[in-house]
Every structure is written in structure tokens, then in C-alpha cells.
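Taken from TrEMBL as is:
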- A:20-41: transmembrane segment (TRANSMEM)
- A:53-72: transmembrane segment (TRANSMEM)
- A:103-122: transmembrane segment (TRANSMEM)
- A:128-149: transmembrane segment (TRANSMEM)
- A:170-191: transmembrane segment (TRANSMEM)
- A:219-240: transmembrane segment (TRANSMEM)
- A:252-270: transmembrane segment (TRANSMEM)
- A:276-294: transmembrane segment (TRANSMEM)
- A:301-319: transmembrane segment (TRANSMEM)
Amino acid sequence: MTTYTERAQGSAAADFLAEHAQVLSIAFFFFACLVFFSATTDTFMALGNILNVIRQAAPILIVAVAMTFVIITGGIDLSVGSQVALVNAVAAIILAMGYPWPLVVIVMLAFGALVGFLQGWFTAYQGIPAFIVTLAGLSILRGFALYLTQGYSIPIKDAPGFFALGRGELLGLPVPALIAIVIAVLGYVVIRATKYGRQVVAVGSNMEAARRVGMPANWIIASVYLISGVACALAGLLIAARLGSGSSNAAVGFELQVIAAVVLGGTSLMGGRGTILGTILGTLTIAVIGNGLILMHISPFFTQIVTGAIILIAIWLNTRIFTTNFSFGSGRRK
Amino acid sequence: MAAGTQHIAAVSGVGGASPSRAGPAPRVSLKGIRKIFGSHQALRGVDLDLYPGECLGLVGDNAAGKSTLTKIISGTYIPDDGTIAIEGKEVRFSGPADARSLNIEMVFQDLSLCDHIDVVGNLFLGREISKGPFLDTATMLAEARKMLDALEIRIPRLTAKVEKLSGGQRQAIAIARAASFNPKVLIMDEPTSALAVAEVEAVLALINRVKAKGVSVILITHRLQDLFRVCDRIAVMYEGTKVAERDIGKTDLEDLVKLIVGEGSKQ
């Protein structure tokens, strides 16, 4: 007699591991870095140093959260460094004219939104690949910053309220770090639990399917570049407030740090897959490596080599060891 | 039941190769639909009527224009020429959202699922239940379970990502998504190609069930034997035109095969 039996349900722990392999592996890597630098240097775990690391990581984290949205839609924003520099320079110029700083902050955030939306419009509604639009943006926006400042650094004077944004402390934490934490939590909630976040993932996962079920696919694509623009403006303001000046040479190479942090966090460049938690861990890992190597008295020129190598190794581990059915290449899409 | 009597009237009041009927007005009426992709004439003037509570089988060789025609009804493609009337009123779709708002649902051949979203999210894709800006995950999960149970679809973990599921399960989800939100017109493009025996039976039973509720169904399939179990009429497409329409009682497999391969005219 044949007996019919039901297949046992897979263990919840295995499902959990498979689904969160990306975040778990970067978390493991991050804690390995913490342990390594605590053991090899005396000062790494000092409170002052930790606060310093998160203060410096704040602008990267803010933009990386926005970049996670962009990359989840399958796009990329190469212009973030130039956007930061432009806002940084323009904010200093306007402050130097004597306008009140809260007004400058609001105007700059709106300006970032406009610049971001313009790039989003070309990408979403005109069908130009994001890589090309934002590569052009990288050149154009940095050019504007250079032209406006003529390459000089513009000092900001007598704006203590503004400086507090970059240098102040609240509840024992640096203000930029607090702002970054708020942005990261906001990003986490939006992508996980809101209708908009679901639409962003859907568009990145299968744009045509999202369109067919009536989602405003083009608008969603454009909107993530708008978010990126606002985040860049915020980062540019925080950097200006910390350094007390605006410069067209701010945030050179910033886009690469941001993209590295996002990708290190397990977000797929093919779109659809990504987490804010991974991005936070990726950002902190890069910040900790940079800081730790300096504390170990290793040549700062060497930092770039190590950072690059670690990105490669971490992602290699991620693709080959922690998950067996994951790849970055074209094999991802069936 | 009103839908049932309509159904009988529809079947009995017909005759000849191109049936004309005095029954209810067509729910969907296509006239002279043309669609050109570049230099390729995908559709060369197709007329088609679809009545409430009937299942129309759409058959034809590959590239005969079946999928293009159904995508025009679902608003995915905009026709270059011709008119679409829904319940007597001429409409002009600007996109799939317009068709969906008129309760026209389609199961696409490529399924149109988002691999990185879980089963529940895919079932509610585009009509997420939300509280303010936030997704109401608990309600959607409960509703999704009910939807799948009603269609006898067995998927153990509804929070699993769709990419983890088998081809048959994916297809079942696409069908459940189209059939569960009270469609008036349900278009299915090869819905059973990846399904196992029991699942095919469930889909055929589903078609008969929604038909009884007055839903108009268009079924595209290469499994001709399925057509005879659910369809009331069959339209045959050939090279971008509709070459024949047959009532199910007045045709057989041999006749259909001849029509599909283009030997029908030699009779």
C-alpha cells in the first residue's frame, strides 16, 4: 500500500540564515575588524576615537542610505561626490553673503532635491542609463563648484548655530552622527515597511512587472535620485559645518566610498536586493579600517590598497562562501 | 443563476463558422486592431468579441499574435489602429493601470513576478493594503492565505521570496494574483505550461468557477485538449489575423489543428 506523507517544513533557522546571509557576513567582517584593531592598537577602543570615527562616517552613511535606494532600483549615482562639493561651496558662498543659516540649510536641501530630480528625469523619463547621466553630473556639478569658487576655499564666519551641526554634541554623541542615525533608521523603515519602499524594490526587481500592476514606475525611478540629491545636500552641509569652510575640492572620491559601502553591505548592483542594515555595517567597516590603519601607524597611502583589497575579499566571501546561489554577474537574472 | 442561463443562451444561440448572437452585449469588443513593431506587422486588423461568463480559447502557431492581442486588451501595448469597447463604451488605455482599474486582469506568459519580494507581496503587488504610508503586513498575510486556499494552491511559507519557489508555484502565484481581485475579464497566457497534473486540474476548475460568476475568460494555451474542457468558443489566429471562430460543440481537435497550421482554407 502506498502511503502519502507531507514533506517536512524546512527549519526556520536555515531559512533565516539563507535570507540574511549578506548582512550576517558583513556583520561578521565588521566585528572581526573591531577585534583586530582593538588587539593591535591601544587607542582604537577609546571613546574619543569611536566618536571620531562615527563623526567622520556620518556624511558617508547619510549618502549611502540614499544610494541604497538608488542601487535597489538597479541604478547608480556617480555624481554624489560632486553634488556634495557643489552644495558645500554654494552654502559657504551664501552664508558669506550674510543670509541666516537656517534659511541656507533649507534652500540647500531644496537645491539638492532639484539637482537630484533633474538627473532622475533624464534617467527615468528620457531612458538614458543612470551611469551616463550621473557620470555627466559628476563632471558638470564639480565644474560648477570649481567655477563658482575659482578653486579657492571659502571660509564661513560667525555662524555658531551652523557650526553646531558639524561640531556639536548632543547626549554625548556628535550631532552629525545623530543626524546620520536618524536618516539610517528612516531609510530602514521606509524600505522595509512602507508602500513606497515596496515600490522601490518592485521596480528594481522587475520594472515591467511593476509597470503592469499599475505602479508609477518612472516616477519611482526619478524619486530615488531626488532622495540622493537631498542626502548629498545634507552631507555637504554637515561637512561645511565641521570644517567651517566650503570648497570645490570637498568629497573627492566620495562616490566610490559610498558605492563601496553599499555594495559591501550586500546590495546587488543588479537591483531588487539590498538592506539598510547592510549599508550601515558596510559604511562602518570602511570607516573603521581607515581609522584603524592610521592608528597602527601604517602609511596613509597604504590605506587605499587595504580598503580596496578588503572590499574585494569581503564580496568574494559573500558570493562564494556565505551563499551558494548568489552572484553579481548576469547569471542573476533569468 | 443569471450567469448560468446566460451561458446556456450563449452556447445555444449560435451557428456557423462565425457565430452571431442575440444574447447579451459583448463585454469586450475589439474592432480592426492593428499593431506594428518596427517593420513587423504583429496584428493586421483583428475583430474580436468577448461575452460575459464565457471562456474564449485563443489558439494559433507561435508568433500568430495571440500574446500581442491579449496585451492590447490588458493595456500593456497601445494599438496603432482600431477600437476597444468595454461594455459598449469605447476606451483608450494609456497603460496597464487603466485596464486594471476596469477589472481587466492578465496572467502574463513571463508571469511578471518580482523575484526579490515575498509571496504575499507579489499577490498584493500594486494594490498593497496600507495604514497610512505603512504596509499592513499582517492583514495581507491573512488575506493571501485565504486567496491561496480558495484556489487550493499549497505554498508552505508565504514570507519566502518568490525566487526560491518552483516554476509551478510561481505560475500558481501569478494566477492567484489575477483571479483573486474580482476581475471582470481574466486573460491567461499559457497559464498551465509549468504546472503539474493536479495543478492544471485546479486551474481548469478555477476557470469554470469564475465563468459561472460571469467573468469573461480568454485562455491562450498549446494544450488543445484543455480547451475542450473549459472553453465555449475558440478563435484561431494566423499570421496576425483571426482566421476562424468556432463554437466548441462544432469543432474537434483535427479541425483545430488544420486551422492553426493554415490548412483550413483548403477544405
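Keep in mind that glycine also has a Cβ here, set from the backbone N, Cα and C atoms.
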**Complete:** Per the Cβ under 8 Å criterion, with at least 6 residues separating them from its ends, the transmembrane segment (A:252-270) contacts 21-23, 25-26, 59-61, 63-64, 67-68, 71-72, 74, 76-82, 84-85, 138, 277-283, 285-286, 307, 311, 314-315, 318, 328, 332-333
**Item:** Top partner of the transmembrane segment (A:301-319) among A:20-41, A:219-240, A:276-294 - counted as Cβ pairs under 8 Å
**Value:** A:276-294
**Asked** Can you find at least 3 Cβ pairs under 8 Å between the transmembrane segment (A:170-191) and the transmembrane segment (A:276-294), where each pair is 6 or more residues apart in sequence?
**Response** yes
**Prompt:** Do the transmembrane segment (A:219-240) and the transmembrane segment (A:53-72) come together with 3 or more C-beta pairs under 8 Å, pairs six or more apart in sequence?
**Reply:** yes
**Message:** Given a Cβ distance threshold of under 8 angstroms, which distant residues of the chain, six or more beyond its ends, lie next to the transmembrane segment (A:53-72)?
**Reply:** 80, 84, 130, 173-174, 176-177, 179-180, 183-184, 186-187, 191, 200-201, 204, 224-225, 227-228, 230-232, 234-236, 238-239, 242, 251, 254, 257-259, 261-263, 265, 267-269, 271-276, 279-280, 282-284, 286-288, 291
